Amino acid sequence: ECRYFWGECNDEMVCCEHLVCKEKWPITYKICVWDRTF
């Protein structure tokens, strides 16, 4: 199971296709954001 857009992610919870796990200020944990691919 993968994490969708804006979902919390880490080493165990990976993002779905075309998403990348990043820290987005001001959020302190990492979330899945678009990696600009299609």
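Glycine is treated like the rest: Cβ placed from N, Cα and C.
Pulled from Swiss-Prot:
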type     : residues    : note
DISULFID : Cys2-Cys16  : disulfide bond
DISULFID : Cys9-Cys21  : disulfide bond
DISULFID : Cys15-Cys32 : disulfide bond
MOD_RES  : Phe38       : phenylalanine amide
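When Cα-Cα distances from Cys16 (disulfide bond) are compared across the recorded positions Cys9, Cys32, Phe38, the shortest belongs to Cys32. Note: the Cα of Cys21 (disulfide bond) and the Cα of Cys15 (disulfide bond) are spaced 6 Å from each other. For the recorded site, Cys21 (disulfide bond), the DSSP three-state label reads strand. Cys15 (disulfide bond) and Cys2 (disulfide bond) are 5 Å apart (CA-CA, integer value). The two recorded residues, Phe38 (phenylalanine amide) and Cys15 (disulfide bond), show a Cα separation of 14 Å. According to DSSP, Cys15 (disulfide bond) sits within a strand segment. Just so you know, of the disulfide-bonded residues Cys9, Cys16, Cys32, the Cβ with the fewest other Cβ atoms around it within 10 Å is the one at Cys16.
According to its DSSP assignment, Cys32 (disulfide bond) is in a strand.
When other Cβ atoms within 10 Å of the Cβ of Cys21 (disulfide bond) are tallied across all protein chains shown, the result is 19. Cα to Cα, Cys15 (disulfide bond) and Cys9 (disulfide bond) are separated by 7 Å.
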